[in-house]
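Asker: According to TrEMBL, the active site annotation covers D172, D477. Summarising the annotation, TrEMBL assigns UDP-alpha-D-glucose binding site to K142, E143, D172. Residues annotated as Mn(2+) binding site in TrEMBL: K311, D335. As annotated by TrEMBL, transmembrane segment applies to 47-67, 79-102, 549-568, 588-611, 623-640, 678-697, 709-727, 739-757.
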Amino acid sequence: MYICCIHRITIFHISYPRSMEGRGLRAGFTADAPRLLHMSEPLRRTAFNRLFAVVYFSAILALLYRHVQNLFLHPTTSFLSFSITLFLFISDLVLAFMWASAQAFRMSPIRRKEFPQNLKQIIKDEDFVGLDVFICTADPYKEPPMNVVNTALSLMAYDYPTEKISIYVSDDGGSVLTLFAFMEAAKFARHWLPFCRQHNIMERSPHVYFESISHHPSIPQFEKIKIMYEDMKMKVEQVIDKGAVIEEYISDDQQHQAFNKWTKSFSRMDHPTVIQVILDKSKDTDISGQLMPNLIYVSREKSKTSPHHFKAGALNVLLRVSAVMTNAPIILTQDCDMYSNDPQTPLRILCYFSDPALKSNLAFVQFPQRFHGLNRDDIYATEYKRLFKINSMGFDGLNGPNYVGSGCFFRRRALFGGPSTPVPPEIPELGPDHVVRKPIISHEILSLAHRVAGCNYENQTGWGSQSGFRYGSLVEDFYTGYRLQCEGWKSLFCNPERAAFLGDVPITLFDVLSQCKRWCIGLFEVAFSKYNTLIFGSQSMGVLMSLAYSHYALWPIWGIPVTFYSFLPQLALLNQVSLFPKITEPWFFLYVFLLLGAYGQDFLDFVLDGGTVRKWWNAQRMWMIRGLSCYLFSSIEYLLKSVGISTHGFSLTSKVVDDEQSKRYGQGIFEFGVPSPLFMPLTVAAIINLFSFLLVLTQFFSGKNTEGLCLQMILTGSIVLNCLPVYGAIGLRNDAGKMPTQITIISTFVSVALYYASSLSL
Ligand SMILES: O=c1ccn([C@@H]2O[C@H](COP(=O)(O)OP(=O)(O)O[C@H]3O[C@H](CO)[C@@H](O)[C@H](O)[C@H]3O)[C@@H](O)[C@H]2O)c(=O)[nH]1
Ligand SMILES: [Mn+2]
C-alpha cells in the first residue's frame, strides 16, 4: 500500500525561463544547465488513508442506519428518550460531516522541499525581486513596541539585497511610543545589520540572539552591540512607562516635527494619517557603508465615523501606501510578534516565485505559524499542529493552503483580481505594474501616500470586496485566501525544517479561548456569507477544496457533538438509563471501531509529524474544552450579532507576560483565574461527569449489572481524565490561576439543577 507512492516524486526544475515577464520577476540566468529549485512528494500514508476512508465511511453509514432504525422504525415510548436519541443522531451527523470534510486533507497530502542554495547560480543579485514587508501592530500596551521592533529588525536583516527590502509598519494603535521605538531601532539597525552579516548570525531578532547566548562569544563587537541594544531597550521602556516621549531623548528636528503630529486632539480612534520615512534606502547607510532597507512607519487616518475593518483595513492601507512608494512585486504580511528565525527565507520563496511553470497562477506561499515559548507538553495545544501543519500539507496537494495571516508571501498582482480577470485599481499609481520613479520622500509621493491612507479613501471603491484583503470576517486571512482561490489563484505550503518565523502564544486559558472564539465568529461569517464555502466554494474550486474550506468555515459546529456527548450520556448514566449498545451486541463493536479509528488516525498523524504522546493527549483535551467553550459561545455570539443584538470587534491577543502566570505556564498548570462564563459549561461538565462516573463505578464494584452502561462508562471516564486540571483548579489550588469561586458555585448549582431535571423526566 505504501510502496506505490514512494516513486511518485515530482521534480520541478528551471531550465530556460528566459521568457519570464513581469517587473522584478525577470531573472538573469548565468547558467544554462537545469538546476533543481524545488520538488514535492506525496506523503507515504496516502494510500492507506484512502483505503481507511472507504472502510470508515461504511462504518459511519452503518451507524446512521442504526440511528434511523432507532428513531423511526422502533420509536421509543417517551418523548424524552426520543429527544435524546434525536440529539445524539444530530451529534453523529455533525461528526460525520466533520469527518467527511476532513478527508479532503487526506486525499493527496504532499511535502515540499526547496533548494535555495541553487538560486544564486541562476539569479544575479541585482535581479532579485523587490520585497515589501508589512508588519501590523495595534496597541503599544498589549503588543510591547520592543517586541515589534525586534520583529522588524529580524526582517530587515534578511540575507537578501538590502536595497530590495522595504519594511512598512502599520500602527493601528496610533502611538507616538511605537514611532519612537522605531526611530531608536533604526539607529541600532545601522550596527545590527552589518554585525549579523559579518558573523553570519542565525538569530536576527536581537532579543532572541542575546537570550540564546549562554557564554560570551569571541566576537569583538559583541559587548558593544549588546550594550547598544540594552540602551535602546531601556530608553523605549522608559518612554512606555512614562506614556510619552522623554524630551532629552529627542535628538533632532526631524524627530521633533514627527512627534508634534500627536496634538491634543489626537486619539487612537480619531487622528490624521502619520507616515514617517525612518530609513530611506536610497541614502541611509549602515556603519559598514552598505545601504539600509526602507523603514516606513504608517498610522492610517482614523475617524469614529468610518469603519476601519481591523487588520484587513490596515493591510489594505499598507498595500496602497507601499504601491505609491516602492510597489515591490512580492509582499510579506507579518504579525508584530512573528520574528524571522531564518535569514534565508526570501530565497526559499524565490525558488517558487521564479519558476515559470508556477508563475501564471501562484498567488502566495504560506509558511506554517510556529511558536516559541510553548511549555513542554503544550497544555493548551496552541501549536495547532493539525491546523497549521498537517492539514496545510493536505491543502497543498489540492489547490494550496489557506492564508493564515502571518508568514505569507504574496504576489502583489494576486490582490488585484483573478489571474485572467484583473481588477485595475481606481488610480494607476496603485496598479501592480506601475513603476515608481520618484524618491519616496518627494512631495508628490508623500502626499499621494497620505491620500491613499485616508479613512474615506475606500468609499465607492472595490477595496475589501474585489481587491486587496477582504472585509467582512474577523478571520480576514482565511477569508482573503479563500476568495483568492475561488478567483482561480493557487498557493503553496513551504515548511522548512528550521522554522522561518516564530511567534508568541497566549499563555492563559482565557486568552486561548478568547482568541479561538474570535476565530470561530470570523469563520461563521465566511460560512454564512454569500460566498459560502459549500455552494460558492464548490462551484469555484471543485468539491475537495470546497470540503476542505468548509471544514474550517464550519469549525465551531464541533461544539454540538462535544456538548451533547458531555452531558446526555452522563445524565442518563446517573439515572441508570442505557443509551448505547451492550457489550454483547454486534453494534458495540461498531462504536468501538468508530472511536478507536478516529482517535487512532488522529494520533498517528500527530505523532508521525513529530508530536509527542503527551502533546497529542493535550490536543484532544483542548478539542473537548473548545467544544464546551469557544465553539459554543461563538455560535451564540454569532447568532446575537446576526439578529443585531450585539457587535464584536477584534480583541487583540495580549503579548504581555505576567511573571506569575508565566511561571505557572512553564510548570504546565492550567490558568483559569478570570471569572468568565466561558469556563462554565466546562466546569458543569466536569462535575456531572465525575459524579456519574463515581456512581456507576460503585455499582460496578457492588456487583450490579452495568453491562449496558459500558460505553457510557468509557466515555464518562475519559471526560473525567480530561477534566483532571479542572478538578485541581476547583479544589486543590490557592493561586491566582485557580477556578474563580463564583464559577464553581454557579456551576455546582447548574449541575444539581440539571440532575434533578433529568431525574424527573428520565
Ligand atoms: O485592528 C487591528 C487588529 C489587529 N491587528 C494586528 O493583527 C495581528 C494579529 O492579531 P493577534 O491579536 O495576534 O491575533 P491572533 O488571533 O493571534 O492572530 C491570528 O489570527 C488573525 C485573525 O485571523 C490573523 O490576522 C493573524 O495573522 C493570525 O496570526 C497583530 O499583529 C495585530 O497588531 C491590526 O493591525 N489591527
Ligand atoms: Mn497573534
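Numbering starts at 1 and runs along the chain as it is shown here.
The backbone N, Cα and C atoms fix where each Cβ goes, and this holds for glycine too.
Predicted, not measured: the structure shown is a model, and the values here were computed from it.
Tell me about the setting of these features in this model.
Answerer: Less than 8 angstroms from the CB of D172 (active site) sit C136, T137, A138, D139, S299, R300, K302, H308, F310, K311, A314, each of them six or more residues away in the same chain. The DSSP secondary structure for D172 (active site) is coil.
The C-beta environment of D477 (active site), restricted to residues of the same chain at least 6 apart in sequence and closer than 8 Å, consists of N402, Y403, V404, G405, C408.
The number of other CB atoms found within 10 A of the CB of E143 (UDP-alpha-D-glucose binding site), across every protein chain shown, is 26.
Sequence-distant contacts of D335 (Mn(2+) binding site), defined as residues of its own chain at least six apart whose C-beta falls under 8 angstroms from its C-beta, comprise I135, C136, G405, S406, G503.
With a threshold of 8 Å between CB atoms, the same-chain residues lying at least 6 positions outside the transmembrane segment (549-568) that come near it are 84, 87-88, 90-92, 94-95, 97-98, 101-102, 104-105, 387, 391, 402, 478, 482, 485, 519-520, 523-524, 526-527, 532-534, 537, 541, 579, 623-624, 626-628, 630-632, 634-635, 638, 681, 684-685, 688-689, 715, 719, 754.
For the transmembrane segment (678-697), the residues of the chain that approach it from at least six positions outside its boundaries are 509-510, 513-514, 517, 563, 566-567, 570-571, 573-574, 625, 628-630, 632-633, 672, 706, 709, 712-713, 716-717, 719-720, 723, 726-727, 730, 739-740, 743-744, 746-748, 750-751, 754-755, judged by C-beta separation under 8 angstroms.
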Asker: Kindly say whether the transmembrane segment (588-611) and the transmembrane segment (47-67) touch, using the definition of 3 or more Cβ pairs under 8 Å where each pair is 6 or more positions apart.
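Answerer: The answer is yes, given that the two segments have at least 3 Cβ pairs within the 8 Å cut-off.
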Asker: Is K311 (Mn(2+) binding site) helix, strand or coil when read with DSSP?
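Answerer: Where K311 (Mn(2+) binding site) sits, the three-state DSSP reduction gives helix.
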Asker: Any idea what DSSP makes of D335 (Mn(2+) binding site), helix, strand or coil?
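Answerer: The three-state answer is strand.
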Asker: Using a Cβ-Cβ cut-off under 8 angstroms and a sequence gap of six or more, which residues of the chain neighbour K142 (UDP-alpha-D-glucose binding site)?
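Answerer: Counting only residues 6 or more apart in sequence, the Cβ neighbours of K142 (UDP-alpha-D-glucose binding site) under 8 Å are L652, T653, S654, K655, V656.
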Asker: Near ligand 2, meaning Cβ under 6 Å from any of its atoms: which of the recorded positions K142, E143, D172, K311, D477 fit that description?
Answerer: none
Asker: So which residues does the transmembrane segment (47-67) touch in its own chain, when a touch means Cβ under 8 Å and the partner is 6 or more beyond its ends?
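Answerer: Residues packing against the transmembrane segment (47-67) from afar: 1-2, 4-5, 85, 88-89, 92-93, 96, 99-100, 103, 106-107, 587, 590-591, 593-594, 597-598, 601.
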Asker: Rounded to a whole number, what is the top Cα to Cα distance in Å among the residues the record ties to UDP-alpha-D-glucose, namely K142, E143, D172?
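Answerer: Max span of the UDP-alpha-D-glucose binding residues, Cα based, is 12 Å.
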Asker: Specify all same-chain residues, apart from the site residues K142, E143, D172, whose Cβ lies within 8 angstroms of the center of the Cβ atoms of the UDP-alpha-D-glucose site, ordered by sequence.
Answerer: T137, A138, D139, P140, Y141, G173, C336, L652, K655
